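Here's what TrEMBL has on this protein:
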type	residues	note
DOMAIN	231-462	domain 'PDEase'
BINDING	His257, Asp258, Asp367	Zn(2+) 1 binding site
BINDING	Asp258	Zn(2+) 2 binding site
REGION	460-504	region 'Disordered'
COMPBIAS	460-471	compositional bias 'Basic and acidic residues'
COMPBIAS	472-486	compositional bias 'Low complexity'
Amino acid sequence: MGSGSSSYRPKAIYLDIDGRIQKVVFSKHCNSSDIMDLFCIATGLPRNTTISLLTADDAMVSIDPTMPANSERTPYKVRPVAIKQLSEKEELIQSMLTQVVEQFSRAFKVNELKAEVANHLAVLEKRVELEGLKVVEIEKCKSDIKKMREELAARSGRTSCPCKYSSVHNGKKLVPRRDVPTYPKYLLSPETIEALRKPTFDVWLWEPNEMLSCLEHMYHDLGLVQSFSIHPVTLRRWLEKFSQMDILILMTAAICHDLDHPGYNNTYQVNARTELAVRYNDISPLENHHCAVAFQILAQPECNIFANVQPEGFKQIRQGMITLILATDMARHAEIMDSFKEKMENFDYSNEEHVTLLKMILIKCCDISNEVRPMEVAEPWVDCLLEEYFMQSDREKSEGLPVAPFMDRDKVTKATAQIGFIKFVLIPMFEMVTKLFPAVEELMLQPLWESRDHYEELKQRDDCVNEREADSPTAGGTDTSSSSPSSREKSRDVSNSEENALLN
């Protein structure tokens, strides 16, 4: 990772061939047989000849990719190993086998060539297709630009404003976009880009490959690709106060913060003494696992988007990502909130500790921001979350483990679960963010208030229905009110421990 994976140099070995020094270079990907063949060629011996390497004091050296490199002053001596003379019959068989091998090799090379040509043709066809689409997009962009210029000119004429960039729409100034690349690395329609910028963006409507294109767009939109020479993966531009490094860390951590989530929370991991809990000593086992998986992926050269970042920069990125992903453990919610409240009184963007805490709060906002979105987008995710909770509580009951009230299908409803979480966790956290960024109140707090009101109304309806059912005798004439817990009782059971339990 960092620049390490891209700075590997092939290994150079020096051989002493009758007083002549010969240099042989090979990569770490060569196997022992390949290296042996190289040495044979360098010494003028037939290929496949068995040879030995000796140091100056006649110690034997293993011939493999891990063999120690040497210098011209200390070359290895080459000694061919005596080869048994083959009989005439053995030589004939050996010759026949060699010819067979050559024929097979030619056949496979033909097939490889065919496959290579076919792949190359497919790439060219795809490129032609993409270029054709780019032309269409370019023409559409030209048309849009023309229309925009005409509209700006018309508005400028109406307002008699001498500056062509100061057009006002709904009280908001139009400002030039920054860091947007002039070359298309992805194909998104203007409608998609516009939808991506709004909280109403609904991931349920997108296929995984389409979401990848959206991520690419966001990284480009933030200018991260050019600043850090990384592969084109983009994230949406929305922070102006942070440095490019801060944005890179925050966005990449947001993508990686739930990698390989098993569907059972930290409480279950610890109580069940799972492998993850044992590995991380019961300390944020899931979040530590998400970090580890993220950097395992980044360790693969084909996935290392930080390959061109200098070691010191990569160290900063790694530490920043670990800090942010570990901050998403809800067990630390109160601790992080208290620390941020202290800094809020005199918040200083030049203070690294202050900015780090802000990034921790922001990734927490991203992590649990579902209710900030419109109800038609947010509610399907609530259903998924509750189903995950119920699966865990069912498993905990079957294994004799403690069950959190807010996850127990016998004690919680959608309304009671959401009301507590919105009131005790979401609204206080987003109110703090709004104090620092007043402009986001309408986008973040207003939807939360509306969501809270929606679930409180839903709870009232549930209470009324359950009370009517409790007051109605069964077919056998038995009153069920004493044997079946009402919605109000469920709500009380959950609310008593809600503020603390939700944070676990």
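Glycine residues also receive a Cβ, built from the backbone N, Cα and C atoms like all the rest.
Automatic prediction, not curation, is the source of TrEMBL annotations.
Where TrEMBL records a feature, it is marked here on the structure.
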residue	record	Cβ neighbours (10 Å)
His257	Zn(2+) 1 binding site	23
Asp258	Zn(2+) 1 binding site	15
Asp367	Zn(2+) 1 binding site	17
Chain-mates of His257, Asp258, Asp367 with C-beta within 8 Å of site centroid, Zn(2+) 1: Ala254, Cys256, His290, Ile325, Thr328, Ile363, Cys366
Per-state residue totals over the compositional bias 'Basic and acidic residues' (460-471) - DSSP helix, strand, coil: 12 helix, 0 strand, 0 coil
